[in-house]
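**Student:** First the structure, which I've put down as structure tokens, then a few questions once you've had a look.
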Amino acid sequence: MYKHIFSSVFLAIIGTSSFAQNAPTIIPIETRQNVLVLQTDKENHLGITYFGKKLSQATEYKLIPSQSRQRDGNAGIYNSAYTPAGTWNVSEPALQVTHGDGNKSLDLVYVSHSTAKENDNVSLTSIVLKDPVYAVEVTLFYKTYFQENVVEQWSVIKSEEKKPITLEKYASANLYFIAKDYYLTHYNGTWAKEMNPEEEQLTAGIRVLDSKLGTRANLYQPPTFSLSFDKPATETEGKVLLGTLAWSGNFKMEFEVDSYHNLRLIAGINPYSSEYPLASKQEFKTPSFIYTFSENGKGEASRNLHNWARKYRILDGEGTRMTLLNNWEATYFDFNEAKLSELFKDGKKLGVDLFLLDDGWFANKYPRNSDGAGLGDWQENVKKLPNGIGYLVKEAQKTGIKFGIWVEPEMVNPKSELYEKHPDWVIKQPQRPEHYMRNQLPLDLSNPEVQDFVYGILDKLFIENPDIAYIKWDCNATTFNPYSAYLEKSKQAQSKLYVDYVKGLYKVLEKLRTKYPKVPMMLCSGGGGRVDYEALKYFTEFWPSDNTDPLERIFMQWEYSYFFPSIALSAHVTDWGKQPLKFRTDVAMMGRLGYDIVVSHLNEKDLQFSQQAVTNYNAVKDIIFQGDLFRLVDPKKNDYAALMYVTKSKSKAVLFSYLVGNRNGDGSDTPIRLEGLDASKNYKVKELNLYPGTKSAIKEDQVYSGEYLMTAGFNPVVNARRTSVVLEIEAM
Ligand code: GLA
């Protein structure tokens, strides 16, 4: 009784319409090509009736029947737009709460919706749902990027109950698809083996993709997938959705083929050990689930995401990127001022823009001479760098090169002064032995003092050295023994830790970007252990993997390229792998090019080649960063790989092709049909990055129509003697 009185007061205050309605409310969430149609049923529950290509007459959306209701005679059990737990809907929930009085039931009915246009391209639809009994309100947000066909979806959960409620599960998105069959491509891996794809046909039941690793959340699995409808999509054909969760922590994505062979998708923060208390009048905003859909295959879908990411998400996504020389693999922890000064000169000789000083420059009581000590003590090591970072920045500048630096501010080695001073800042179970990854532990970023400390590391570096031009931000350990002394002391639930850690990280990054909006920063996590679109609001690029073997990178970068544009992908020429320098360079040129080699070990021809390659890269990098990507020949299915980037005006393109299989070394014995060119334009094709002393098999003077190149095709002539080929294609 009490509950009923309370809820009607609650409703009166926010002045909503009555719950009972006759005509269904239809809410189409539209982009240029697609639509998600939401519709209320007779009990005002909001369901999804359609997802896919949009209709030209929006009035016809009302004709679409709700599949599960039709067959069930029941109120949309499966197709709920945000499934509440504990009442009439008994399928896997999107939102599950425990009320202040301990009751676990939740119902959500439609109240109102509105759409606000941010500009010609971006609109935000918000839909208010409410529990008729308990004072819990949910607003579903759908931000549409019309031209790019991208939808960003999240929810805000609010309670006006007197006592705190507990969010047991709080997904970002709940979608519903109707197709003949469903094919899910997801990724697995570990350190140096990131992004191995597996495609499977989904069968009845729930398929889960998740992470419980905390800090280095994506070590084994990223929050990205592609989902094909009816049959597996190819690059150019088929219905496909690319989806990703913008969250740098534990995630859970559930794909449920229901009793009617329709597909329910629930994606969000992993509720594992993360019950989240919500006080009266507080709001909880879930992270964004971002997706795009195409009826024309994975190529178009990924270009949608690239266009969106460059324009709306990645920091400086429409800008450019610097080339660099990194010293990690050249020196590891073993360097001093004299050695570094030589490396600055090497960088200058090579022609790169920046020198990036990696791990090992800090800590004195426990010097950072290996990964076993010093993490947390961010003072220059006086033995290696007696004159400090300031001196290095100046030396680099004198040489004509910019200076960047590596940090791993979220972590601590037990062998450090920081650990000795602040053991309560460390995530660890007080009564259990510590468990390490790479001899280190994460700091407790749920603690505001720790947030200030982490911010302070970067702030101090920039205040003392305003000319620092680049940051590599690393994060090498997952979260074991999750426990926060801060949450304990401030009488907050331990189950907040996983979520508050990530929120704390974003607070630090937000503050940093407010003061230092432009400095390029690389997002690294022992390789690709943290790659997501929330972090990329603050970072200009990410480190896909410590594995820089170019053969491996062809496969890995291919998979990353479904979700992230090349401008965000760091790729370095190193000594990994057995391929020649040219091959290694060509592969690294498909991203933000860097070097991690001992330049002084290069022979004369190698040096000459590399210098020319940097010049070539500077001339074409904007095509690679901002152009449309076409994956032409899949290395997983062929002995060679080919892909190309084309400018929006279709006047310039760069094509990369590589021999990846060596059973017979035949390579490209037939022409490849190019894509993305203008059929009516004429083009010339020129080979780039020729190794000194070699001749191209390509005739530079020949003129080809775009039609010819895209229909008859062009053979880059990759074979055992020419294992990698880069072509510049230019309209005349
Ligand atoms: C991680 C990174 C590497 C390097 C080392 C330094 O493994 O992925 O690139 O920076 O840390 O310790």
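Using the three backbone atoms N, Cα and C, a Cβ is placed for every residue, glycine included.
Just lifted these from TrEMBL, have a look:
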- 1-22: signal peptide (SIGNAL)
- 44-279: domain 'Glycosyl hydrolase family 36 N-terminal' (DOMAIN)
- TRP191, ASP358, ASP359, ARG438, LYS472, TRP473, ASP474, CYS475, ASN476, CYS524, ASP546: substrate binding site (BINDING)
- ASP474: active site, nucleophile (ACT_SITE)
- ASP546: active site, proton donor (ACT_SITE)
- 641-725: domain 'Glycosyl hydrolase family 36 C-terminal' (DOMAIN)
**Student:** Helix, strand, coil residue numbers for the domain 'Glycosyl hydrolase family 36 C-terminal' (641-725) per DSSP?
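**Tutor:** Summed by class, the stretch gives 6 helix, 30 strand, 49 coil.
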**Student:** What average pLDDT is reported by the model for the domain 'Glycosyl hydrolase family 36 N-terminal' (44-279)?
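**Tutor:** Taking every residue in the domain 'Glycosyl hydrolase family 36 N-terminal' (44-279) and averaging pLDDT yields 95.
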**Student:** Could you measure the widest C-alpha to C-alpha distance across TRP191, ASP358, ASP359, ARG438, LYS472, TRP473, ASP474, CYS475, ASN476, CYS524, ASP546, the residues recorded as binding substrate, and give it to a whole number of angstrom?
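**Tutor:** Those residues reach a largest Cα separation of 19 Å.
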